[in-house]
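Trainee: The feature 4-amino-2-methyl-5-(diphosphooxymethyl)pyrimidine binding site is assigned by Swiss-Prot to GLN37, VAL38, ARG39, ASN70, THR109, LYS138. Annotation comment: Swiss-Prot describes ASP71, ASP90 as Mg(2+) binding site.
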Amino acid sequence: MSSLGRLHLITDNRPGQDPLAVVRAALSVARAELVVQVRVTDETTDRQAYDLARRVTVLCARYGATCLVNDRLHVALAVGADGGHVGADDLPVGAARAVLGSAAVLGATAREADTAVEAVAAGASYLGVGSVHPTTSKDGLPPPIGAAGLRAVAAAVSVPVIAIGGVTAADVPDLRAAGAYGVAVIAALSHAADPARATAAFVEALTC
């Protein structure tokens with residue numbers, strides 16, 4: 001999937017955050033190189049998730065960027081997103097593929113080579129692999145897999161591998177060397193004082 005963007009922005013809609021402002025800033029810099037994954041808190045209603053995903057889908061379309069919806073695949077279908085992403089506790093990859101259809105982009109989360117191979121066989125278009133570093137963006141995660149774990153997964157599959165978990169722009173060269181096609185971030189953009197400038201740093205690192 002050579003057309004998949006290398007920088008994945010996962011939205012943060014927790015109190016005090018403005019996900020649409022961050023998406024706009026990131027799109028203005030990364031344009032079609034950006035993939036926006038609409039992820040919302042468990043407390044977010046489907047209507048709220050729909051409203052956010054619909055607006056993000058429209059923004060992404062203006063730049064030729066990809067919009068995915070995490071977990072809530074019915075929302076992805078309702079807003080006409082490009083696809084979705086499922087984690088370990090979400091729908092099985094095969095079931096998610098059946099829901100979204102053969103043409104959709106479908107991401108899946110993996111930490112180990114065997115589960116990565118299974119996810120690809122079930123229909124995953126790309127894999128989000130990690131957490132590669134410690135992160136505070138999600139509670140209850142297992143220990144980070146590091147560059148060695150990322151390398152093992154990347155060597156086992158032929159689809160793009162997206163490194164996630166505590167990633168900074170400075171980490172990109174080492175992650176690319178370990179086999180990552182791109183990176184996924186939350187705090188590095190959503191909590192940045194200047195999201196556009198932070199996006200530019202990632203784009204530069206990913207295109208070197």
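Every residue, even glycine, has its Cβ placed from backbone N, Cα and C.
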Trainee: THR109 (4-amino-2-methyl-5-(diphosphooxymethyl)pyrimidine binding site) to ASP90 (Mg(2+) binding site): how many Å between their Cα atoms?
Mentor: 10
Trainee: Counting other CB atoms within 10 A of each CB, which of the binding-site residues ASP71, ASP90 comes out lowest?
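Mentor: The binding-site residues ASP71, ASP90 were compared, and ASP90 has the fewest Cβ atoms within 10 Å.
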Trainee: CB neighbours of GLN37 (4-amino-2-methyl-5-(diphosphooxymethyl)pyrimidine binding site) within 10 A?
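Mentor: Result for GLN37 (4-amino-2-methyl-5-(diphosphooxymethyl)pyrimidine binding site): 25 other Cβ atoms within 10 Å.
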Trainee: Check the Cα-Cα distances from ASP90 (Mg(2+) binding site) to the binding-site residues GLN37, VAL38, ARG39, ASN70 and tell me which is shortest.
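Mentor: Given the candidates GLN37, VAL38, ARG39, ASN70, the nearest one is ASN70.
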Trainee: Show which residues of the chain containing ARG39 (4-amino-2-methyl-5-(diphosphooxymethyl)pyrimidine binding site), separated from it by at least 6 in sequence, have their CB under 8 Å from its CB.
Mentor: ILE10, THR11, ASP12, ASN13, ASN70, ASP71, HIS85
